[in-house]
Amino acid sequence: MEYPQIDLYEFLTESELQQYYNAVKNELKITNAAQFKYAADEDLRFIGLSRPEIRRLRKFYEKHFPHSYLSKIKRLLQAPGTMVKREEAPGGGSQVALDGSSASACSSLAAKNGASSPSKVPNNKHIIPADSISVNKQLGTGEFGIVQQGVWSNGNERIQVAIKCLCRERMQSNPMEFLKEAAIMHSIEHENIVRLYGVVLATDSLMLVTELAHLRSLLECLKDSGLRVSFLTIPTLCEFALQICNGMRYLEQKRLIHRDLAARNILVFSKDKVKISDFGLSRALGVGKDYYKTNFNVNLKLPIAWCAPECINYLRFTNASDVWAFGVCLWEMFSYGFQPWAALTGLQILEAIDAPNYQRLEQPDCCPSEYYTLMMKCWQDDAAKRPRFGEIYDQLPDMKPEQLKAVVNCTEPKKDHLLYRQGDIISVLDRNTGTPFWKGVLSTGKTGYFNPSNTVAFLEGLPSSTRDSFSRVSDHRISKRKLRTEMISKPQNDFKHTGHVGIDGATFGDIAFLGSSQNYNHVPKQIVTPYKPSEDIEQTPLLLPPTPTSPDSLQTASGYFPEGANSGGAMGTSMNPTFIPSAEHTPKLIATNGQSSFDFASGSTNPFFPNRGDDELEFGLHNYGADGKSVHSETGWRPTSRSIVDDPHEYHEISDDEIAADKLDFGPSLLDEINSMFGSISAATGSHPKSPGFDHVNNKNEITEMSAKLGQKSGDTNGNKHGHGLLPTLSKKKSSGTVKPISVKDEKILNHAIEIANEISARSMIDLVSDQTPVIHSPKRKFSFRFPHLSNNGSGDKSGGLGTSGSAHTPTHGNASPFPKKKNFTEELQSIPDIQSLIGKEGLEAYNSLIERKALLDIGPSPAATLLRHLDTDEFDLQSLHQSQRPMTLPTRGATQRVRKAELAAGLSRHNDENSNSLEACESPSYMTHGSYKFPEAQPTEQLPEPESPNPIPLPPREGKKQVKTSTKRHVRKYPLIIPANGLQRTLSKLADFGDEAAKSPEISTSSQPQPGRAIEVVAAVRPSGMRRPSRPSEREYENMPTVGKESAHTYQNLDKLTPADAAGLTDTASLQFESIMEADTSKEGILQSPDVTDGFYNFSIQKEHYNKGKDAEFEATQISGLYVNDDELRNLDIESSRRTATPCSSCSALESEHSQPDALPSTESVSEVSRFSSVDNELAGNALFKKVRASVNMAMNRKSVAETSLTSNQPGGASAKPQTEAEYFAATAARLADSNSVSCEDLLEFSDKKPKGCERGVDSDEVRIMVKVLGKDSTPNRCLGALEFINWDVHKSIKLIKLQNLVSEANLSLEASFEALQQHEWDLHTTAHKLNGLKL
């Protein structure tokens, strides 16, 4: 029977494979059904056919093309006209359907027209007869004519084509030239260039027959807003740009020019395929100057906006001009079809793009920054500088924007920010936004900024976790035999493939049943590396006691009493599923003879026993007999060592690095295992007597089991309480990782069981402290378990026979908890070694020197003494604990004051002995309480240490005592800060108070005599530690640390002696900072000897000396003339003097008690006034820094004028002198400043109200200098001065006035006009200038 030739589409339709028509035609280049003979199965699978579809295709192929010699002979004898020889398909491009609907639509359309669409035409057949073309409908109108859809009947094929009708009137070249160009166009074969089938020569028009693109042009698709979300996303546009560049690169290699590259000439064939059309059409039609230069109108669509300047000016079309057009095409794509240079005429476009003042299109909102950079390169004015298509094609793959996936929702939408949800895909447009945010675009086309930290990288191509079906496309099984039962292989060396376990350890499905087998050990395991209990068990407990979630309570409560098996079987216990270790992430419960167990992957990860080197594994409830044979004694039965020898609870962890055994070992038979179990149980129960109190323990054990059963919700359970655990998998339940908190009742029961186990233990805890190597466990030693010790990381057994004696019935301290709180007091006490013996002779000597003599050394307790705080001091007797200990907490201010008053009442004098520091108060630093500095109090001469006396070594502070750190180092001036005037006032007031107190004391009656011959020394910032610690002059003493003598410590008092007004206005920290600088910067001796510094010291010394003289002579402070003292100081001196004369002794002490913080008066009132003055001299003896300064100061003092000396010497006798006038005041100030070449801080404070204002200084004022710096060359000092005087010396407004005049210089605004203009716009300079002359800012 003969079969006629069948069309490819009809053949596929009959085979029900019509959906593969486009793929067969374009990918496999099959044009008729007979060519399926040469298509291999791999080729068909490549285009998506499944095996059943391939078999169906072969079946219908055999039907239409049987393999018989008769058919071959007939085929050879057929007419040549019916067998059209085809040549190879173009370019190997792939055109796949958009989806099933569009593919079926294309197929139905092809079936309707009864034609297929071959991608190849006969060679040299670019002239097509007019009668072979049938026009169906018009698709649109182009610049060169109309475009229609039709069918080309080529022999036995019908091809759907697009027909472009060109009017002869539009053609400016003769038909022969056009045919030459058409022949060139016909020879182009590329996957991204539309194929030209041929040309139809009609009488009135020319028709170009090309491929038909069902999805219209790219420009139409871009303008369709509905396609933005589903189709034309940014990644798709980037892929289209690469395909367009690929086609243009092909033309560039062929030395061909397109001349009209634009989005309207890019045709979309599928969701991922575009092709360039109308190649060379303008040249074929002979379009010349008129088309390009005279078609200037507002509605211009072609092609001025796409042409390079040289094309418009000189009609010079090159590949560089195509590159320019490619840049414009990219701009169209990323602007979604927006017309370039919209609303501009051709002449305006030429003016905009032509040099020298050329402009360029702005970056579209959805355009990635890299692509816009490429556009700017394509729009280089110099054609030679534009990149070539080959270079662009190499760059484009690396320019694709990165895609990110949002992991959180955008909760707070902001302006210009993306509003995205979790799971949205964001394409990055720009990373360099100048902000922490990136610019991106969603798949919806919305652009904005987003936080990149809320996203992760999105990779396409990764397999989805929610697959609808299990795909086996990659399986290349060639055999067509059906799958039969005998073809399913038996387990080969392993159960992995039956348990959904791959060779690499990857699993899917439920593999819990694998873990229930005792003999199968190849379930993948993983050691949890971030947490290793064996490494930090000594530092940190796994769980906080007394929670029963640790395995110790489990073992003691449920698994360590073999007598619980009433029927002779192995004792089966049910375990509460909440008993999982804290380090487990995914616990797997393995049923072992009815016993739930956790398995450690290796002994090194088990915190409850020492590491074992052997591979022998034993289950505690297998009850090995006395013969020593183990049912699992074969080596290699399990590749990991057992965590606890008799512990039935294995901590099972997943491990990737374990190597499975080479051969599957099923172990002994089930019958042998049961017999061995029975034998071991009978041997165990018959050979050992019951221990005392066993019944009580057993009852408690049963109660625990019952409570565990009641609380159990998930996990591997077994209810055969009496030990009928013969088949381990019969009572197994599905493993689960859920955790249920243990109830309070169960917790109490378990804790009670632990206490009972501790009470009946026959072993002492003292053995646990001894260092011993762990013994390899043997099968004979049943139920041997030990407490691990924190210092030992586990414990072994000293005697090998313990496992066979009473330990089988009475667990030897079955609590394996690593926590000390699990022990009772006796056990805890016995487990602690004798610290007295551990310390030794050297440690005891160090203890005595550091602890007992700490009053001298002033340190906290040693580490050994710290440890003693946790123990009973009755255990040992250290010989020097009789000394009174320093309190661990800071004493209160009230207690401190009471102690000091008691000392003063008893007339105590402090000496440098060992106990002098025990009752000393801990003072808070001054910066914690107040900002006023108390001048160093005078010290008794008998308390000053000898200069050659050794300085005690400072040691670390007491542990547990919160040390208040000193203030952080602040900005330090280059030159020392002179003590300001208010610091002077505080100093003088303290001296006055001290004089009052000294006058009150009966022991210092000789101290009232003045010291006129005392040399004037620098006492401004002298630190008392110079007297006490001459070897450490730079040590700072205003920390909260105990000192040798309280009198020698710096004290920073509150402003108790000042009036509220003084306290409010004079509380600065300048003097404090000066002292810190003096103490810290000991390397500035050269600077301190400079005239500036010595003058400052001199000035302050003069003030202090005269004040002392005036105070001792009982003169009014206001009569001190010629000195640099401000009004506030004079007023305060009056207050202090009146207080001294009018207030009795009792009122002074009452005044002190009124303040919240006492002044901590030193116990120096019993010392003579002579010693007070002499101690000031001794203050400088130990300070090397001030020694060097003293000489310079004294030299400066000797150089002072005779007039000032006489002025100061006349003060004591000038009690009746008149108050100083202002003229005298300024004269004295000028005289002082004449001899000084420094300006100190007090100068600035004093003359802050008296210095000349900026208006008085004129051009030299600071305001003018600032304005000149701000305005630069735009203004002069005189002009700035005029603006300042006009605006009443407001610098900011003056600057705006001059800037406004500069910005609107054409208007020649006056200051008045500028002021009014700025006033109207609320002094907004930019707005004012813009309103005045339209200036763009």
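Cβ atoms are placed via backbone N, Cα and C, with glycine included.
What you see is a predicted model, and the numbers here were worked out from it, not measured in a lab.
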(message) Say a student had to find the phosphoserine annotation in Swiss-Prot: which of Ser205, Ser217, Ser764 would be the correct pick?
(response) Ser764
(request) Could you check Swiss-Prot and say which of Ser474, Ser641, Ser918, Ser1206 is marked as phosphoserine? (result) Ser918
(request) Out of Tyr291, Tyr624, Tyr927, report back the residue that Swiss-Prot marks as phosphotyrosine. (result) Tyr291
(request) From Ser924, Ser1001, name the one Swiss-Prot lists as phosphoserine. (result) Ser924
(request) Can you dig through Swiss-Prot and tell me which residue of Ser831, Ser880, Ser1156, Ser1163 is labelled phosphoserine? (result) Ser831
(message) For a quick check of packing: other C-beta atoms within 10 Å of the C-beta of Ser831 (phosphoserine), how many?
(response) 19
(request) Please work out the helix, strand and coil residue numbers for the domain 'SH3' (399-460) from the DSSP assignment. (result) 4 helix, 23 strand, 35 coil
(message) Can you tell me the CA-to-CA distance separating Ser831 (phosphoserine) and Asp260 (active site, proton acceptor), as a whole number of Å?
(response) 95
(message) Using a 10 Å radius around its CB, how many other CB atoms surround Asp260 (active site, proton acceptor)?
(response) 25
(message) Under a three-state reading of DSSP, tell me whether Ser831 (phosphoserine) is helix, strand or coil.
(response) helix
(message) On the three-state reduction of DSSP, what should I expect for Asp260 (active site, proton acceptor)?
(response) coil
